[in-house]
Amino acid sequence: MSITPQEALTRCIEHREIFHDEMLHLMRQIMQGQISPVMAAAILTGLRVKKETIGEISAAAQVMREFANHVTVKDRENFVDIVGTGGDGSHTFNISTASMFVAAAAGAKIAKHGNRGVSSKSGSADVLEALGVNIMLTPEQVGECIEQTGIGFMFAPTHHPAMKNVAPIRKEMGVRTIFNILGPLTNPADAPNILMGVFHPDLVGIQVRVMQRLGAQHAIVVYGKDGMDEVSLGAATLVGELKDGEVREYEIHPEDFGLSMISNRGLKVADAVESKEMLLEALSDVPGTPREIVSLNAGTALYAANVASSIEDGIRRAREAIASGAAREKLDQFVRATQQFK
């Protein structure tokens, strides 16, 4: 079922939904540059103002996956993505990136999909480059890295070439659009499990149900009530969990896991170099807030990956991986693996 750009814009203005097949058609046109920049910007604005529905987001994510350069991973057990929407304005160090190394050291397989900075002064791509990682890998090379180390990093522009038709429009608009919430939904390795942080509490219930429609196995979507797109130490965290086909929404608190509630102020960084230093502190078992929040988020990722039976069990495994030096060694191993392709 097709819809003209003008009809789509009218639906948005009238706060009516664009149906699944219509959204597929519309999104394909946008991704292929078949809609003028003015009309594309108007539709993206209209969707944002009326608020994107679960059906619209699911269809748009499906199209982005169609256009992606995919990564093939044979062994998909305990396979997880750890990702945030960004845009939370917290300017913290790269917690999800640090958590990736800890979770991999504790037995998860990670396919992390990331880009340069949005919410932080340093996106996952920025800090990985600062650590010496070669992020410019082909899909085949990413697959090899996952086989060798249990970690693959997929730099979004490499894996979503069709975004070149949308990037100038998004840049000129300078406001959040549906694409800000599509990134975490469009992992090119199709990881069946995910820990996803979001920038707004309303997105917890929306994104977990989108993941349900997209066929995820175990999805955990989180929003820290202090505004973080991570599991927070500074406040309660809203959780949407998809497991065994069922969605559950609940709150967790640091105290639930024997952790103290600590302000996240000490996690702020100015750039990728500061983020790298804080990440290395956490992986090197230096006592402090960075280590604690990485243990909490890596533990949640281990639960999402079905390595751990609960978040609490995951935190215990994460702490062991850090204390034993395995997490730091995993980082070094990953740097070496990516450098072999230079």
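Each position is counted from 1, following the chain as shown.
Backbone N, Cα and C define each Cβ position, glycine as well.
The secondary structure of Asn115 (anthranilate 1 binding site), as reduced to three states from DSSP, is coil rather than helix or strand. Positions annotated as anthranilate 1 binding site by Swiss-Prot, on the basis of sequence analysis: Gly84, Asn115.
With a cut-off of 8 Å between CB atoms and residues at least 6 apart in sequence, the same chain places Asp81, Val83, Met154, Ala156, His159, Gly183, Pro184, Thr186, Asn187, Pro188, Ala189 near His113 (5-phospho-alpha-D-ribose 1-diphosphate binding site), listed in sequence order. For Gly84, 87-88, Thr92, 94-97, 112-120, Ser124, the entry in Swiss-Prot reads 5-phospho-alpha-D-ribose 1-diphosphate binding site, with the evidence type sequence analysis.
The Mg(2+) 1 binding site annotation in Swiss-Prot covers Ser96, Glu230 and is backed by sequence analysis. Residue environment of Glu230 (Mg(2+) 1 binding site) contains 28 other Cβ atoms, counted within 10 Å of its Cβ in all protein chains.
The anthranilate 2 binding site annotation in Swiss-Prot covers Arg170. Sequence-distant neighbours of Arg170 (anthranilate 2 binding site) (same chain, six or more apart, CB under 8 Å from its CB) are Leu44, Thr177, Phe179, listed in sequence order.
According to Swiss-Prot, the Mg(2+) 2 binding site annotation covers Asp229, Glu230.
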Subset of binding-site residues (Thr92, Ser96, Arg116, Asp229, Glu230) lying within 10 A of Gly84 (anthranilate 1 binding site), CA to CA, in sequence order:
Ser96, Asp229, Glu230
Could you check the binding-site residues Thr92, Ser96, Asn115 and say which one's CB has the fewest neighbouring CB atoms inside 10 Å?
Asn115
Write down the Cα-Cα distance for Asp229 (Mg(2+) 2 binding site) and Arg116 (5-phospho-alpha-D-ribose 1-diphosphate binding site), rounded and given in Å.
16
What is the total of other Cβ atoms whose distance to the Cβ of Gly84 (anthranilate 1 binding site) is within 10 Å?
29
